[in-house]
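Below: one structure, written as structure tokens.
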Amino acid sequence: MTDKNALELKDLSVAYRVGRRNRAVLRNVNLTIKAGEAYGLVGESGCGKSTVALSVVRYLPRNGSITGGSIALDGKDVMKLDAEALRRARADSVSMVYQDPGKALNPSLRIGRQLTEIFELAGVTGQAAEDKAVAMLNRVRISDPASVMQRYPHQLSGGMQQRVAIAMALANDPSMLILDEPTTGLDATVEAEVLDLIGQLRRELSASILFISHNLAVVSNMCDRVGVLYAGMLVEEGSTKDVFNDPRHPYTVALLRCLPRGGQRKDQGRLDTIPGFLPGIGANIVGCAFADRCALATERCRAEPPPLYELGDGRLSRCHYHDKAQSLPRATPAEIAATAPKQAPPVLQVEGLNKTYASHGRPLRAVKDVSVSLRPGETLGLVGESGSGKTTFARLLLGLVAPDDGGSIELEGKQLAPRLASRSEDQVKAVQIVFQNPDSALNRSHSIRHILSRALKRLGGLSGKTLDTRLEELVRSVRLTDRHLAVKPRQLSGGLKQRVAIARAFAGDPRIVVCDEPTSALDVSVQAAILNLLADLQSRQDVSYIFISHDLGVVRYLSDKIAVLYLGRIMEFGPSEAVFSGPHHPYTEALLSAVPKLDRTESSRIRLDGEIPSAANPPTGCVFHTRCPRKIGAICETQEPELTEAQPGHTIRCHIPYAELARLQKPKIVEPA
Amino acid sequence: MSATDTPASLPAPAPAPDTAQRSPWGEVLHSLSRSGTFLTGLFILLFWVVCALFGQHFVPYDPLASDIIDALTPPAADHWFGTDQLGRDVFSRVIVGSRDILTVAPLATILATIAGTALGLVIGYFRGIVDDIVSRVLEAFMAIPVVIIALLAIVALGTSKITVIVVIGLSFAPIIARTVRSAVLAERELDYVAAAKLRHEGALHTMFVEILPNVIPPILVETTVRLGYAIFAVATLSFMGFGIQPPSPDWGLSISSNYGMIGGGFWWTVLFDALAIASLVIGVNLVADGVHGAFND
Amino acid sequence: MVFLGGQVLPGNVGRAILGPFADQRAVDALNHSLGVDRPLLVQYGSWIWNFLHGDMGTSYVFRAPVAPFVIDALGNSMKLALVAFVLVVPIGILGGVIAALNFNRPLDRIISLGGLSVTVLPEFVTGIILILIFGVWLRWLPIAAAWPKGAGVLTQLYYLILPALPLFLVLFGYIARMARSGMIEALDSDYTRTAVLKGLPWRTVIWRHVLRNALLPTITVIATQTGYLIGGLVVIETLFRYQGIGSLIFTAARGKDFPMLEAGILTIGIVYAVATLIADFLYSVLNPRIRLGAEQ
């Protein structure tokens, strides 16, 4: 590693013009990436991560401008480049890959054309360019490059599109590669593959990497050094290992505590949270930007902006009390009332539920023969990638979609009509939902008071004074106050909106609440508070949850039982601990292995090949056989395995006998302590 | 542990820091009040509204009084815009000429908005076969130019202001219905509509209380745009002889009865009416453009 | 797949025409009671049948077959529309593209507001103003589109410029506006960012990456404008005393010459359907997402 710096930001300040004011997004950011180094930049939404990336390539939005500082790429000041020199810099030395590859590729040009034009810039044309493009696609592990060259982006899956985007970024052999949330939005197994690819390419190439992500675990696996951005300022920097194991800024400390880690469960205590809010873009900050949310803050923190203290070993922290950072008191007490194990009869009993859609004239089995049962106060976690039927299953329960004939749903021993319209008022209020996106779930024209009152009226059957009393209780139970009632949803932050949505679901004392990715639109610190709230409400009201999430850590925290779905089928069902600790279905094994972990324990990795098949055209035999790393032979291709009971209450759909699975998975997924 | 005994260290979250904003409508008004386009348009529109309401009290001549001796005099001090072939004062006629068009066009627009909104809400919300059929019919209906629809209807029903209002109103309704429908289609996929279903809300509540308030912005924009086209259509129909009827000093009508003589150089008999229509139409469209901008910032 | 959209449309037009027609027939029956004892639908069916075989009925006013009048008029209108179209499509698109490339700068404002203003003016208003300027004051162009018999193409063109101009103005704003918003969207897109960050020269970015995606929607708009164009023809042909399909319909409506009216309207319905079909075809050829949509 040479001492040459691939990227050097000096006092970089960027502002966006909103209304007639310049609002600061980045404030005096200093950052250096050495040649060949991978640098991770983490932070919650709105902290300015992407602005850093766009400044480096000088592609800020129209209303954005660099208000101070300098950016040096390979020692050249980017801001002093004229149009032609800037173009040459983009062509020769810096490349960028960002989120949503489907949009990043031109929809009306073939992949081949989009690749060859890069080589043409370097003077390679015709067949030579084609050959180089094919080689590039090979390099990003695309198995059939010649045919991919002929395709249009919409004909490729998300994972393939991102590989192509990476191929395009690497085609000019850049010295600086910027990856801005490159795997956000991809399925877990696909994300793992793309991250593996990036990791491998790093070893093959000389490029320095700036890796931007909201996901701490992803960054910890990919990067040598990491910087934590807060309110447009770098608050901590150091080697990845140091920062994540021994954080020296209260923000980093708090952020790490928000994540459910190491198989933590709801009955082991609450997650910690970060109180308050990120300062708004352009806020006038006196003193430390984090002071308002920091339990360690003193008068000094509010008055005197902390400098970036150098702590040796290349460690930096923007905190007056960096030596005490780890003694940050918890914002939320950990202890939680223990709930006695229940032996009540099931609140929900689903038998042989099916849902078939018609897709281009062919049947698409979104949910196939699903049976589950759930007791009061329990959480059933639904796990699986896109197209697994999680959401369809939830909608069937709610009655928003009618199932095929045959199956049955019983609520507290009584048959539930397939259609919402034919369910009784009691049944309707008993099964409610918290949606993923509160912006969509809350009517933006109505005040919070209207939204909750209407729910209390329709679901709680209340009116007049009793409604007002109950409204107050309801609002308090989700830790909102009266002043939130008068506002419209858009005046609240994402976390507060989600609380309103939760309150609405609880208006009629539900028996079952479906939580459909309720925290995936939220930042980590907000997510923790919502998970705590859900756990509290559950222990108090004995409500059962159907909890859908792609984040296995979150699912594990909240769930008592887990159902793993793949192409509409339950592959594995059982008590949460049994499913997570294994032995488990090969698909579950792969899903668990795909989760990037903060504590870098290189465990036996299982990677899935190929794409998730279409539910309209599922593979024969075991639907997982096309991607299964433990396929045993022809039987997997011809005969669909039954869900068989491996242990009491734990069922697995696999031809491999349980004992054999146990043996195969013996050096089981290392469980982070 | 219950919610009430959570420790004091757990403060209720404050509203997000940037709550101190205007309400959405306040923001729209604020942005309108700063839009030069909108204000210019509004000024022109208000000028003609004042002329329509009070014009007859301050014009120098009776717009209908003919004076054959003074016919076809070019613009001069006593007749600023000259006189027409019947010797009527063109200036007075232009000022008062806004009256009929500014009655007929807005009424037609209101009719179109009400009918179109109701239709759009219903087909957008219920979808299914009704939507398929109605949308196809609407699409086809929109393919026929309004002028031709009006021509046919007026031939069948006879000419009157009511006919013109109904014809323009009904031929614009599908366009508004289409706008409302596509807005409703987007809204009904949002989860708050599913949440309403999960409260057993009736269709009427969902359509009018839940969805309607959220589709008002596109309706408002479309309505202002339609008002511009209604003026366009009324003027055109009057010019063609199927709209407002004599002896009204209506602009389109005046042009229609005088343009045959432009070859003879009597330009003032048509120019001022043409400019009046132009200014009104442009004014309304500037307003529409401003409204569109304010809602889509 | 490709033709699906297009195939539905012609059916629509037919159905739509049935609406006003049925009314007309009723009126017709009352006024003239000319062999209308058959049910309306049968009558309509047989009339369509005859129409498709070239028999468009007999004019009440001229006591002669309608077909020659309609065909003549259609030819004249096509000439006029063609002049307007050939001028407006490239100029409109160019205007929109230039406006978008100068987003929020004075040139953009001028094109956008200017385009908006001329688009919303009724054709007879712009027509009158243009006649006054070019026909009466400057005397550069003839004020009626009636060229001498046997005039050559250039002479005809000379006579057609003035009537084509109001149509041009109406369409210019529409097309420029569509092209502009398509361009702005494409310029703001992620794929344009990708192209720029590849280090491609600005011209290549625009020509290869932006224009094609930006102008796809504009193509559809141009086709739907055929409807408006025909409406405009009625007015323009009347104003300029031009023997086209518009003035034919207008005269027929005034004279209550129903066979003529029906034939005229069905003709423009067909023209509209064909235009839509062509646009649909072009759109799907240019858009790989539709062309190859089924493959995935």
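Placed from the backbone N, Cα and C atoms, the Cβ positions cover glycine too.
Given the structure is predicted, the values throughout are model-derived calculations rather than measurements.
The following features are taken from TrEMBL:
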type: REGION; residues: B:1-22; note: region 'Disordered'
type: TRANSMEM; residues: B:38-59; note: transmembrane segment
type: DOMAIN; residues: B:98-288; note: domain 'ABC transmembrane type-1'
type: TRANSMEM; residues: B:101-125; note: transmembrane segment
type: TRANSMEM; residues: B:137-156; note: transmembrane segment
type: TRANSMEM; residues: B:162-180; note: transmembrane segment
type: TRANSMEM; residues: B:227-245; note: transmembrane segment
type: TRANSMEM; residues: B:265-288; note: transmembrane segment
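Proximity of distant same-chain residues to the transmembrane segment (B:265-288), defined by a Cβ-Cβ separation under 8 Å and at least 6 residues beyond the stretch ends, is recorded for 37-38, 40-45, 47-48, 72, 74-75, 81-82, 84-85, 90-91, 93-94, 97-98, 101-102, 221, 224-225, 227-228, 231-232, 235, 251-252, 254-255, 258-259. Residues of the same chain lying 6 or more positions beyond the ends of the transmembrane segment (B:162-180) and with a Cβ under 8 Å from any Cβ of it are 104-105, 107-113, 115-117, 119-121, 123-124, 135, 138-139, 141-142, 146, 149-150, 153-154, 215, 218-219, 222-223, 226, 229-230, 233-234, 237, 242-244. Outside the transmembrane segment (B:227-245), and at least 6 residues removed from its termini, the chain residues within Cβ reach (under 8 Å) are 100-101, 104-106, 108-109, 112, 146-147, 150-151, 154, 159-161, 164, 168, 172, 251-253, 255-256, 277, 280-281, 284-285, 288. Sequence-distant neighbours of the transmembrane segment (B:101-125) (same chain, 6+ residues past either end, Cβ-Cβ under 8 Å): 48-49, 52, 131, 134-135, 161, 164-166, 168-185, 188, 203, 206-208, 211-212, 215, 219, 222-223, 226-227, 230-231, 233-235, 238, 243-244, 250-252, 280.
Sequence-distant contacts of the transmembrane segment (B:137-156) (same chain, six or more residues past either end, CB-CB distance under 8 Å): 163-164, 166-168, 171-172, 174-175, 177-178, 229, 233, 236-237, 240, 242.
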